[in-house]
Each structure stands twice: as C-alpha cells, then as structure tokens.
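Annotation comment: TrEMBL describes 23-125, 146-239, 244-329 as domain 'Ig-like'. The transmembrane segment annotation in TrEMBL covers 344-369.
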Amino acid sequence: TPFSFHTKTARFSVVGRAMKILPYVSCVPCNPFSSLPLAGSQVQFPIAHNVTVAEGGTANMTCRVEHNDNTSLQWSNPAQQTLFFGDKKALRDNRIELVRASWQELAISISEVTLSDEGQYTCSLFTMPVKTAKAFLTVLGVPEKPKIGGLTKPAMEGDQITLTCVSSGSKPAAEIRWFRNEKEIQAGSKEVNATGKTFTVSSALRLQVDRSDDGVAYTCRVEHVALPASAQQATEVLEVHYAPRVEILPSQTLPQEGQYLKLDCISKGNPLPDSVLWTKDGGELPDVDRMIVEGRELTITSLNKTDNGTYRCEARNHLGTSSAEYVLFVYDPNALEQNGPDHALIGGVVAVVVFITLCLIIVLGRYLARHKGTYLTHEAKGADDAPDADTAIINAEGNQAHAEEKKEYFI
C-alpha cells in the first residue's frame with residue numbers, strides 16, 4: 001500500500017518495495033500524488049513584475065501568490081543565487097533586505113543598485129512541480145554632467161569655432177540639445193559610443209562668431225529617462241573681440257551763435273577703446289579754451305561763425321580704427337526768428353492761389369461742356385447757306401455721330 005512520510009530534510013515515498021528520496025518541499029502531510037491538482041483545489045502560480053530603476057537607486061522586487069497552501073516562496077538573482085527563502089536571508093549582501101514575508105507574498109529590496117545587478121530574477125513557489133515567475137531588473141545609467149570643449153577665449157570676430165558637448169555614463173544613450181540664451185538652436189553632428197554597458201554621447205555646434213555673440217551664453221543640455229525632474233547641463237559665455245564703431249550725437253539740431261554745443265562720441269568695441277581723438281577739418285582743435293574735451297565728449301562754448309567746419313571723432317583698439325564726422329553750421333538767431341513768419345506767409349499765399357486756379361478750371365470746364373453746338377455770327381446768318389435758328393438748335397442737341405457737321409464762325 002502506498003504511503004509517505006516527511007523528515008526535516010527529505011520526503012520519503014514508498015510504493016510497494018520501491019522507495020525514493022525526493023527533495024524537501026514542506027513539513028506538512030502530503031499526498032503521494034501531489035503533482036496532480038486535487039479535485040476542487042485551486043492552481044497556485046507566483047506573480048512578479050519587471051522593475052526599472054536608475055543606477056544608485058533602490059529596486060523593490062515583489063512576488064505574490066493569490067492562493068497558497070503554506071508553500072514557501074524564494075527569490076534568486078540572475079546567477080541563480082538564492083537571496084531569500086521565505087523570511088530567511090541566504091546571500092550575504094548588505095544591500096539586500098527583506099521588506100515583507102508571508103505565505104502570499106515575498107518582497108525584498110536592493111539598494112544602491114549598480115549596472116551589474118541588471119538581469120532576470122526568479123521567484124519560485126515550491127509546489128510539485130516547482131512553479132516560477134520571472135522579473136527583469138533594468139538598471140538605467142545616469143548620464144554625467146556634460147562638459148563643453150573647443151572654446152578659446154577670447155574669440156575674434158569672424159572666427160569659425162566648434163563647441164563640443166560630451167556626456168558619458170548614460171544607458172540608454174542620452175539626448176543633447178543646444179540653447180543660445182535659453183532659446184533652442186539647431187544642433188550639429190551627434191556621436192554615440194558604447195563603453196561597456198553605458199554610452200558616451202557627444203554633439204558638435206559650429207559657429208561663425210560676430211560682435212552679436214559677445215556675452216552670449218551657449219548651453220548644452222543632456223536629457224535622459226533617468227533624469228525626469230531636471231536635465232544635466234553646462235554653459236559657456238562667449239567673449240568676442242571686435243574693432244570699434246563710432247557715432248557722434250549732438251546735443252541740439254540747430255546750434256546758434258552764443259550757445260554751447262556738446263558732441264558725444266559713442267564708441268563700441270571689445271576691448272573698449274581707452275580714449276578718443278577729436279579733430280577739426282583734419283587738424284587739431286583751434287581754440288582749446290572754448291573747445292573742451294572730457295572723456296569722449298567735446299563741448300564748444302559761445303558758438304560763433306568761426307566754429308563752422310567738420311569735426312571728427314576717432315577711436316581705436318588692437319583690432320582696428322573707426323571714426324565718425326559731424327558738420328557744424330552755426331545759425332544766426334535773428335535770421336531764424338525773421339525767416340519763420342516769412343515762410344509761413346509765403347506758404348499761405350501759394351496755397352490760396354492754387355485753390356483759386358483749380359476752381360476756375362473746374363467752372364470753365366463745365367461751361368464749355370454745356371455750350372457745345374453750332375455758333376453763327378450776325379454776318380454769317382445773312383448768308384444764303386446759313387441754317388435757320390431751329391436747325392442750329394437741332395444741331396446743338398444732336399449726337400456725336402454728326403459732330404463734324406457743327407460749324408463755328410467768328411468775327
């Protein structure tokens with residue numbers, strides 16, 4: 001008669017005279033035909049889910065069984081090393097801890113996850129036969145903070161430069177975006193190189209710099225699924241040297257005798273010109289007592305006709321020289337006061353004359369349009385071939401087809 005019994009280490013099954021030792025499953029009475037589900041019993045299957053975690057984070061692995069008849073659960077790693085058997089820890093790894101253990105659930109955690117922890121983990125339910133569930137642990141490689149290379153400070157206006165942004169340690173490969181003063185610009189070429197389990201990503205941005213790039217911030221931003229909250233980024237501020245540009249701004253538009261005039265020489269360059277040079281008509285300023293230079297400003301006091309001429313401001317740095325000119329004409333204040341009313345009077349008279357002329361042209365045109373026809377003088381009326389009055393009226397009201405028959409006679 002078949003029978004079975006259990007010990008702490010093995011289960012012995014005897015059928016007739018044959019006896020075989022089976023692996024230990026549990027310390028509860030079992031049926032010799034336990035490999036087959038009993039009538040009315042519910043099949044037991046463990047359930048586990050894949051886990052994704054960033055490198056350095058904590059992975060929580062959970063295995064559940066909806067219907068369990070007090071059979072133990074076990075977690076093992078990709079190397080088939082047992083991590084936990086029920087609530088008993090089997091592997092000496094301080095990073096692995098027990099979260100919950102019951103007949104229906106076995107949950108563990110792995111802290112400070114590394115790329116080497118990635119792989120397929122197995123949850124085993126020790127029934128006959130043993131049932132398993134697989135859970136794949138995916139470890140994301142966090143990209144390192146990018147670095148921008150290839151920038152030589154300062155750059156010269158017109159130079160061609162290439163900014164290279166490099167970030168390593170990402171898994172999967174990270175994305176790189178470029179920004180000019182927080183406004184995204186089109187990136188250049190991108191390269192992805194595998195280094196073990198991670199990737200090194202680089203992106204090149206080619207520029208032809210000009211003075212508008214001076215002080216502009218170029219930012220390289222690395223985006224990755226392991227960085228959901230904020231991206232890693234690096235920023236470089238360009239310094240561009242360029243030759244100066246000069247502009248002269250006068251303090252007034254109609255300088256008059258007796259007044260003062262201030263000319264401001266605006267020079268923009270990098271590096272900024274240390275000083276500017278003022279000249280008049282190609283030579284030095286003739287009257288240094290009245291023509292005072294302070295920094296970039298030239299002030300002329302008590303203007304008179306002798307101050308008329310061309311004033312030139314010149315600025316330079318190590319990249320070049322630039323200049324601007326201002327033509328000064330000093331006005332007579334009395335002439336400006338007299339000319340003002342005369343111009344207004346002349347303008348008014350001209351406007352009236354033009355208006356009257358237009359009115360006369362319109363009236364004359366209407367008069368001529370209403371008096372078209374045949375006109376005869378008294379002498380012509382006495383002629384034999386002269387038409388009578390009725391005929392003249394009919395001809396005057398006739399259509400344009402008989403326009404060539406109309407006659408006019410003048411004394």
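The backbone N, Cα and C atoms fix where each Cβ goes, glycine too.
Proximity of distant same-chain residues to the transmembrane segment (344-369), defined by a Cβ-Cβ separation under 8 Å and at least 6 residues beyond the stretch ends, is recorded for none. On the 0 to 100 pLDDT scale, the domain 'Ig-like' (244-329) averages 94 in the predicted structure.
Broken down with DSSP, the domain 'Ig-like' (146-239) shows 3 helix, 56 strand, 35 coil. In the domain 'Ig-like' (244-329), helix, strand and coil residues by DSSP number 3 helix, 50 strand, 33 coil.
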